[in-house]
Amino acid sequence: DAAAQLDDARAQLADGRAQLADGQARFDEGQQQFDEGSEQLDDARTQYEEGRTQYEEGAAQLQAAQEEYNAGVAQYNAAEESYTQGINAYQDAAWELEQNRSQIDQLREAIPGLQAAADAGDEAASAQLAEARAAVEAFDSSEAQINATKAQLDAARAELDQRRSQLQEARTQIEASEQALRESHEQLSDALGTIDQSQGKLDESQGQLDESRSQLSGSADELASAQAAIDEGQAEYDARKAEADEKLADAQAEIDDAQERIDELELPEWIVLDRSSNYGAAAFDADADRIDSIASVFPLIFFLVAALVALTTMTRMVEDDRMLIGTLKALGYSKARIAWKYVAYGLLASVIGCVVGVLVLSQLLPLVIMTAYGIVYFVPQPPFPLPIDPLIAGLSAAFGIGVTLVATAAAAWVVLAERPAALMLPPAPKAGRRILLERVSPVWKRLSFSWKVTLRNMFRYKKRLFMTIVGIAGCTALLLTGLGISDAINDIINKQFGELTKYNLTVTLDEDASQEDVDAVDALLADDSAVEDAAAVLDEPMLASGPDATDVRLNLVVPEDPDGFAGFFTLRNRLSQEALTLGQDGCLVSEKLAQVCGVVAGDSLTLTEQDSAGNPTSATYRVPVTGIVENYIGYDVFMGPDLYEETFGKPAEYSTRFVIASDNASAREGLLDRLQEADAVKTAAFNDETIETYRSMLASVNLIVVVLVVSAALLAFIVLYNLTNINISERSREIATLKVLGFLPRETNAYIFREIFLLAAIGALVGLVLGVGLESFVVLTAEVDGVMFGRQIHLLSFVLAFVLTMVFTWASMLAMKPKIARIDMVESLKSNE
């Protein structure tokens, strides 16, 4: 095999030598052609360089000519501008001269006469003669100057025209030179292209020659190169194998370290929550319960008002039909048959109202509430139309219809209890009697007749007085409740971040940060111009338990400097507004937490530490409560550092900084960037994000407030309109009598509406008192977890509730004015007997 391989190698070597000789001959021929082409290319390049030199000289001459031309144009433009100014001045002077020429001519003609008069001794003529000659001489001097100026301007114009001709000739020469240069440039470009093309061919030939030379030389060294390649490959293989072995060893070491850390890990604790224990689902369920609590109160008020309206309306309807009822009873109709007429009317109206309420309002109101809570919770929108619960719809309809039927039956039963003979007669007017105000003589004597009649009528018809006051009071109470809830919601943000929380930036430090890094953060806060003040505090999550609740999540706040903490948070009692201090004898608990846990000042609160997952540990501590702190957002417990160390057996670690930063937006942004770059800072956030979060959470309750206010407003208008309408119908004979007696429409309206307005005012005042209790109940019911609503109704809300009630009263009066005007005096005063 080795001999055969050697013979093959020799044969291949002989063939290679023959091929090498042929290649050498072809190479020599190509080398000769290449040398000839190179010589021709050098000649062409020499000609190109000469042409390029001539082109550059021409370009330089053209540039100089262009600059000389531009300078000439600039001089020409300056001369042209000077000439224009001169010609304008000349024209103005010439125009003024021509304007005075007629006067000068008149003076010339008058000079002989003035000369004669002056010679005669006329001094005035002598003065005029001197003035005339001075004017003529000035005119002649000006005319001579103008003519001289005209000559200069004409000469300047001629010189400008000559310069323009010279510039035009220069421009023509420059353009011709530019054209010649462009042609030369094109020729040079063509020549350069030809040279480049030839150079490319030569380069290609050179490449072919080099390739041939390489092939020729490579054939002799092929075996040596192959052996060198084999040696190089072997060396590279050995080097890479060593590197790979080293990397594999490092990777194995990392795997071993990772496995060791995995082996050291403790088994994790899993927290499994069912759907009812999930925080979002539980919060949504709690909010639904709050809406359910509110829904258990407001329908009762609406039902009471509806019963009042139904009783008033049906009582009036039955009273109007007294004679008809008496006639029917005399004809032998039974009480049930007669009462059915009115009960059927009330039943039909109630059924229609229930159908509209179930089909329309049962879709609208839930949709509004679900949309409101959709701001806080990500819940799927219910299908539209919403499914109607037959049980709830049936109960609502039963209550609505039942209230109307009971009111109608009661009104009919009162009338049906009388004898037919009494019913067929007009009802006797109520006996007048003295009212309490009449016994107050100083006041009663000062009242006008109209006011005395109004006050007597108010207390004479006590049923109407009671119904009006109760109806208006209910509507005003609803209005005040809605406005009070709005105040309570707005006070959460306004009081928490306007009066209580004075810091606007919270910086949380990394628990593993070195003391040097923590000191660097404190130095940054102390020296930064955007920081007004900063306080070191411990802000630790814990769990609290009391008589009424267990494991309530809270934040334990321990300031490093209790005396200076008042500059960052106002510790005060909401009811007494008394300032509270952090002492050694106990902690301060936020009002909402105290309410949830059922503790007061003097009780003890159990605090439980929690693990990293938030679960309670076995470490519990009882802390006395010395005060209840006003606080609206979150559950907080405030404690002094000495009490903390005594209670927990360790000093407090102040890993949080409360910062009062500048209100300037750019300064705050820069401060935030600097804090986030610090190694010890874990988080840094301004209160703006917290404020916006709570505003979005409470927006849902605000929308419900709007629904309450609108509903109360509509109900108030309906009640007032109905009561006013019935009042006018009952007193049609009285109103007709006033008209017959000569009362003006304004006086008649005042006579009727004054009484209604006073009753509405009394009802509104009563409603304000009732609204305080109702608002307090609704606020306590509607509070969301971790938030305490404001407990104070603003004075403006009382004013608005009262004013809105009176506005609705005034609107109902306006609606009833046409009815008073339409009362027929003749028909109303006819006897019913």
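Cβ coordinates come from backbone N, Cα and C, glycine included.
Taken from TrEMBL, the feature region 'Disordered' applies to 197-224.
Per TrEMBL, the feature compositional bias 'Polar residues' maps to 197-218.
According to DSSP, the domain 'ABC3 transporter permease C-terminal' (297-416) comprises 99 helix, 0 strand, 21 coil. Look at TrEMBL and you will find 297-416 (among others) tagged as domain 'ABC3 transporter permease C-terminal'.
Taking Cβ pairs closer than 8 Å, the transmembrane segment (297-318) reaches residues 325, 342, 345-346, 396, 399-400, 403-404, 406-408, 410-412, 414-415, 467, 470-471, 474-475, 477-478, 708, 711, 715, 718-719, 722-723, 726, 729-730, 774, 777-778, 781 in its own chain, all 6 or more past its ends. Residues or ranges marked as transmembrane segment in TrEMBL: 297-318 (among others).
Sequence annotations record features per position, and here TrEMBL assigns transmembrane segment to 339-372 (among others).
Look at TrEMBL and you will find 392-416 (among others) tagged as transmembrane segment.
Here TrEMBL flags 465-485 (among others) as transmembrane segment. Sequence-distant contacts of the transmembrane segment (465-485) (same chain, six or more residues past either end, CB-CB distance under 8 Å): 298, 301, 304-305, 308-309, 311-312, 458-459, 701, 704-706, 708-709, 711-713, 715-716, 719-720, 723, 756, 759-760, 762-764, 766-768, 770-772, 774-775, 778-779, 782, 789, 793, 797-798, 800-802, 804-805, 808-809.
Summarising the annotation, TrEMBL assigns domain 'MacB-like periplasmic core' to 466-664.
Residues or ranges marked as transmembrane segment by TrEMBL: 703-723 (among others). Among residues of the same chain six or more beyond the transmembrane segment (703-723), those with a C-beta under 8 A of the stretch's C-beta atoms are 291, 294, 298, 302, 305, 308-309, 312-313, 365, 368-369, 371-372, 464, 467-468, 471-472, 474-476, 478-479, 481-483, 485-486, 489, 756, 760, 782, 804-805, 808-809, 811-812, 815-816.
Under the heading domain 'ABC3 transporter permease C-terminal', TrEMBL lists 707-823 (among others).
Feature annotation from TrEMBL assigns transmembrane segment to 756-781 (among others).
Residues 472, 475-476, 479-480, 483-484, 486-487, 713, 716-717, 720-721, 724, 749, 753, 756-757, 760-761, 763-765, 767-768, 771-772, 775 of the same chain sit 6 or more residues outside the transmembrane segment (793-815) yet have a Cβ under 8 Å from a Cβ within it. Annotation source TrEMBL lists transmembrane segment at 793-815 (among others).
The average pLDDT for the domain 'ABC3 transporter permease C-terminal' (297-416) in the predicted structure is 80. Remote same-chain residues near the transmembrane segment (756-781) are listed as 290, 293-294, 297, 301, 454, 458, 465, 468-481, 484-485, 488, 720, 723-724, 727, 789-791, 793, 798, 801-802, 805-806, 809-810, 813 (criterion: CB distance under 8 Å, separation of at least six residues from the stretch ends).
Across the domain 'ABC3 transporter permease C-terminal' (707-823), the DSSP tally of helix, strand and coil residues reads 98 helix, 1 strand, 18 coil.
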